[in-house]
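Participant: The domain 'Major facilitator superfamily (MFS) profile' annotation in TrEMBL covers 1-264. Summarising the annotation, TrEMBL assigns transmembrane segment to 74-90, 96-121, 141-162, 174-199, 211-230, 236-257.
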Amino acid sequence: TIPCLVQFVGLFFVPESPRWLAKVGHEKGFEDALQRLRGKNVNISEEADEIRDYTATLQRLSEARLLDLFQRRYAHSLIVGVGLMVLQQFGGVNAIAFYASAIFVSAGFSSSVGTIAMVVVQIPMTTLGVLLMDKSGRRPLLLVSAAGTCLGCFLAAMSFLLQGHQWLNKVTPIVALIGILVYTGSFSLGMGGIPWVIMSEIFPINTKGPAGSLVTLVSWLGSWIISYAFNFLMRWSSAGTFFVFSSVCGLTVIFIAKLVPETKGRTLEEIQVSMNSVSSAKC
């Protein structure tokens, strides 16, 4: 209850979106909100003009419906937004989080110690990710994060593989713990939050509503599928399950390197120009 109450009170101190205010014609509120977000001594005139120009262009367009997202001009944004969510979920995050205790027991390690260690790793790594996001950039942090999740799943898979052959029995529980902690820490560093940040940046303002709804639906649908299937996968093969997760995480690295744009230090208008130009080139 307490975090919910803190969030409720905090909402009264959050300014309205400047772009939304510009869209609905609240000129004074638009400038005040933008100035508040950027700082009292920051010159916002150039950014304000960019937002006005972009909003004027968008107002000549009709509000996008869900099916409009599947037009070619939105192809790159849609592929990146949906792709990151699919890969995030099918990389096994919620399966590992929901069934952490069972995974540690299967690996021969203490479930209580393992789950406490996961939380101890998550908190500083999430904090580090927040601090680095606007310094290192989105893509480098995502690449490191995805590579770390790939390594973590691979270590867990090797632990279960060795355990299945009764090799290095004293070592395999520690390897499983290290793998899960590497996975958890790496995911918290970037893959946990940055896809949601990028999703909010890559879609034009007239598509943000349906696009956000679609991406969220895909994310939770993927979470349900992988959480439901996890027990069946583990019965099939514990090592095989984590090798599958590791492969998906490896595919995520390639996906980020090839398709995900860097949005650090760029206005939404600049991001839209680059995304639309890519989509146009593909057309």
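Positions of Cβ are set from backbone N, Cα and C atoms, glycine also.
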Participant: Averaged over the domain 'Major facilitator superfamily (MFS) profile' (1-264), what pLDDT does the predicted model reach?
Facilitator: 89
Participant: Taking a Cβ cut-off under 8 Å, which residues six or more beyond the ends of the transmembrane segment (211-230) line up next to it in the same chain?
Facilitator: 64, 66, 69, 74, 77-78, 81-82, 85-86, 88-90, 92, 94-95, 98-99, 199-200, 203, 241
Participant: Cβ under 8 Å to the transmembrane segment (74-90), counting only same-chain residues 6 or more beyond its ends: which ones?
Facilitator: 68, 146, 191, 195, 198-199, 202-204, 207, 211, 214-215, 218-219, 222-223, 225-226, 245, 248-249, 251-252, 255-256, 259-261, 275, 278-279, 282-283
Participant: Report, as numbers and ranges, every residue of the chain located at least six residues beyond the transmembrane segment (236-257) whose Cβ falls under 8 Å of a Cβ in that stretch; write 'none' if there are none.
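Facilitator: Tertiary neighbours of the transmembrane segment (236-257) are 83-84, 87-88, 90-92, 95-96, 106, 139, 142-143, 146-147, 149-151, 153-154, 156-158, 160-161, 163-164, 179, 191, 230.
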Participant: Near the transmembrane segment (174-199), which same-chain residues lie under 8 Å Cβ to Cβ, leaving out any that are not at least 6 residues past its ends?
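Facilitator: Tertiary neighbours of the transmembrane segment (174-199) are 80-81, 84-85, 88, 91-93, 96, 100, 103-104, 107-109, 114, 117-118, 121-122, 125-126, 128-130, 132-133, 138, 141-142, 144-149, 151-160, 162, 211-212, 215, 242, 252, 260, 263.
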